[in-house]
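Each remark here refers to the structure printed beneath this line.
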Amino acid sequence: MLRTRTTKTLSTVARTTRAIQYYRSIAKTAAVSQRRFASTLTVRDVENIKPSHIIKSPTWQEFQHQLKDPRYMEHFAQLDAQFARHFMATNSGKSILAKDDSTSQKKDEDVKIVPDEKDTDNDVEPTRDDEIVNKDQEGEASKNSRSSASGGGQSSSSRSDSGDGSSKQKPPKDVPEVYPQMLALPIARRPLFPGFYKAVVISDERVMKAIKEMLDRQQPYIGAFMLKNSEEDTDVITDKNDVYDVGVLAQITSAFPSKDEKTGTETMTALLYPHRRIKIDELFPPNEEKEKSKEQAKDTDTETTVVEDANNPEDQESTSPATPKLEDIVVERIPDSELQHHKRVEATEEESEELDDIQEGEDINPTEFLKNYNVSLVNVLNLEDEPFDRKSPVINALTSEILKVFKEISQLNTMFREQIATFSASIQSATTNIFEEPARLADFAAAVSAGEEDELQDILSSLNIEHRLEKSLLVLKKELMNAELQNKISKDVETKIQKRQREYYLMEQLKGIKRELGIDDGRDKLIDTYKERIKSLKLPDSVQKIFDDEITKLSTLETSMSEFGVIRNYLDWLTSIPWGKHSKEQYSIPRAKKILDEDHYGMVDVKDRILEFIAVGKLLGKVDGKIICFVGPPGVGKTSIGKSIARALNRKFFRFSVGGMTDVAEIKGHRRTYIGALPGRVVQALKKCQTQNPLILIDEIDKIGHGGIHGDPSAALLEVLDPEQNNSFLDNYLDIPIDLSKVLFVCTANSLETIPRPLLDRMEVIELTGYVAEDKVKIAEQYLVPSAKKSAGLENSHVDMTEDAITALMKYYCRESGVRNLKKHIEKIYRKAALQVVKKLSIEDSPTSSADSKPKESVSSEEKAENNAKSSSEKTKDNNSEKTSDDIEALKTSEKINVSISQKNLKDYVGPPVYTTDRLYETTPPGVVMGLAWTNMGGCSLYVESVLEQPLHNCKHPTFERTGQLGDVMKESSRLAYSFAKMYLAQKFPENRFFEKASIHLHCPEGATPKDGPSAGVTMATSFLSLALNKSIDPTVAMTGELTLTGKVLRIGGLREKAVAAKRSGAKTIIFPKDNLNDWEELPDNVKEGLEPLAADWYNDIFQKLFKDVNTKEGNSVWKAEFEILDAKKEKD
């Protein structure tokens, strides 16, 4: 560290510092060697200089002697006078120097000048005198800059991409040959070439502020260097390797604020005019730590404080009393090189002659103010073109070839024609021969060409004129090829569409240009969309191959072709299938049981089967697909239980119905060549659920169509529901195998009779029986009533339905096996209850008229109601709904209104009873027996009636007639029962010849309802025997079972439904085949409760139960009187 002790007053030091800086400014203005001038200027030289003697100073005269151009003499004299006047003003006590002088009285006369090792000449910031000097010396240049700004702006807009900037406006002049440390600005995508304007957009706030001050100081020179990474967006250079080392010295001719349309941030648009090639010598990147420590360094930044106080004298009164130290001022004002030289002068007077040869270690930098903005700065070296022979045949030939190419391009491209004309005009104004400016011609060729970044930068870096011309000719040839190709495309399109309309011509031309140039027409975006979809999918190898093939086809087809749309739709479906995606299985049995119990009452078999399914999956660690079929009457919850199962298993749910389906394409899809072709329902389910293991509910599978011109859908379901085949299900549209082995299929049906046998074999059937009265009461109380109250808006109101009302509703109105009809009636009851509640509330709230009421109050209330009505009508529909909801909430909190629906007032809500009695017959006559039948609606009672068509008579052939819309099976059963009854009666009571003399008519009530089934044999036989024995059957006995000709009782189905129907009909004894005894034991206790079972193996077991009090004598003598009359008549005849 250099330390120098001097003894001088503060005014002398300030004068010395000011003089040194003044001469530096003159050296910069004169564009001479700053190093040499600074080496001749020392503290001793200017220590005794006075303002009036500045020009007569020996150092100044020596400097004048070095200047060769006399035009600077008058200019320097004016600058010297300005400095003198300013220096005189500083001695009046109004400037910072006077304050410093007064402050120095408090300090010692001996001052230590201790510059810090880190401080250099470059840290000196120009003072106000520098600004005066710069403004005076560049006055003429600023005029040229302002005049060229408009011209440059017009030229840059003509071809902003190439940046040629050709303009008729004269370029800025008076550029310093040697420029100090300057701002470095990175340029993206294209380098700048000397002599051609270029507009750049700056977004960095620091750079924008620096450029503004540069323009204010009239030092608008920067170094522009192209970024190596064209995608990088920055306005500062942090690393020398980020840019190319060769750039241009550019002058900012104009700058104006702008705004980024995308981000909305404030930016600056600057118009640059490059002057010459330069090369980075040293880079000073922005110091980020300096920004953070700027506040801390504020107290030590003495130079900044001095300059601000000098420019604003009024602010000195409010300045903090902490005045910067004298050492700091001296350090900032006296560079290291001068202090070193001053030390050497004080040491010896003999070495003063050697000062001319001293090279200063640091550049004198009048642009020191740029460091305040923390931007990237550079020291540069000027690059001069290598000398060349103007008469060189190679250079002349290259020049001629470039001119030839320009001529050819101008004939093909009008934009080039205008640029070439402008360039020719500028050349002619400077010289009459273009061959004298080959370097400028090469730069122009590169500036207007759309070449690659590396190629253009290579041209800029070439200092050999011959090489530069060769490279420029190469990029210009490429430009010619592009122009020729564009012209060829234009001609080809014109040939194709000569006879077509103008609109079609333009469209075809656009297509041709896009096809030749490879411009995206939407297909690339579509292809990218499909490729992006499959990134998250796990496509099988076979599917991946098909996808790649279809993508290749799509990329080669025109968008207007019909096949393009077919392939696009196909790829859309192919990429919409969730290949490899599975929802996470839920193996918690308590959670699944809780969900199933919340949604449905009873259904123990279904719930146990689902819990078994979960248990097996938990043990195996995986769950394979199953096919379950729920069979039961309507309204028992087959479809809703499917949703609950999906929720319990944490699977997606999809439902579609096949009832009435006659087209196999609904299952397997259409061929994609057909217009409007779509995949089948199964593929659509996978797309919607976006998992390969959803729960798919196939509803009404028993009502699917069978055969036809469009195929058999039930046969198509075989592949879907077969566990051995559905792992490679083939959809006609996609035509690729799809794995359905993880899908859980749930089918619903009302009957198994109409389901094809092969399809039924592939399903696991679970029968859902109807509900008994006790079950219905629980369902109504726990599910139906709360739901109906909520839908009617009476959820929290005192409107209740008693249990006896629910029981009466089921007994007299809703006798079906399910609860759908019961739900409808309950909802109807609560809607009517809501109406009553609203009416009661209106009556309670309406004002009662009295003699004491005043007319004014009535009028005001009416006006108020009218105003409320008007304001309510102006509100939106949503507001009205909210208001209604608020009124209902107020109704719910009303304790005065209490509505109870009981058995007594039930008919006020649902009308008179539909069923007046529990049974059709309270007392059955002979020949009438209650049978039990199973239908799609569940179990029901089926009465069989047998009567004599006429009194017993002598006939050779007794007659038997049956009615009631019986099916073929029941007709066969009735004929069999008639024969069995004749045989059984003859064996049991041989003297009873009833069937020999009787004409019997058998009928099943409700003749409009078709009846069929093999379970009414015992009922018909009992009806015949009851008529033959003239014995009534107990009306509380119900029976079911098929009968053989010998009296064997055969097994039947639907025992649970029939038992429920018997109990619902008031039966107390139920007779069924002995083979169904196990089914009876599996019935719930609430179903068996109140029923006495009789499991009959032979019909004799039934006869003994029903006719146990009929002995042989009584049975033989039932029709004894009629037989005697008929015998006597026969003997008489």
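Glycine is no exception: its Cβ is also placed from the backbone N, Cα and C atoms.
Here is what Swiss-Prot says about this protein:
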type     : residues : note
REGION   : 98-176   : region 'Disordered'
COMPBIAS : 145-166  : compositional bias 'Low complexity'
REGION   : 282-358  : region 'Disordered'
COMPBIAS : 348-358  : compositional bias 'Acidic residues'
REGION   : 839-892  : region 'Dispensable for catalytic activity'
REGION   : 844-889  : region 'Disordered'
DOMAIN   : 923-1109 : domain 'Lon proteolytic'
ACT_SITE : S1015    : active site
ACT_SITE : K1058    : active site
Cβ packing number for S1015 (active site), 10 Å threshold: 28
All-chain count of other Cβ atoms within 10 Å of K1058 (active site): 30
K1058 (active site) - helix vs strand vs coil (DSSP): helix
Cα-to-Cα gap, S1015 (active site) vs K1058 (active site), nearest whole Å: 11
Average pLDDT across the region 'Dispensable for catalytic activity' (839-892), rounded to a whole number: 47
For S1015 (active site): DSSP state (helix, strand, coil): coil
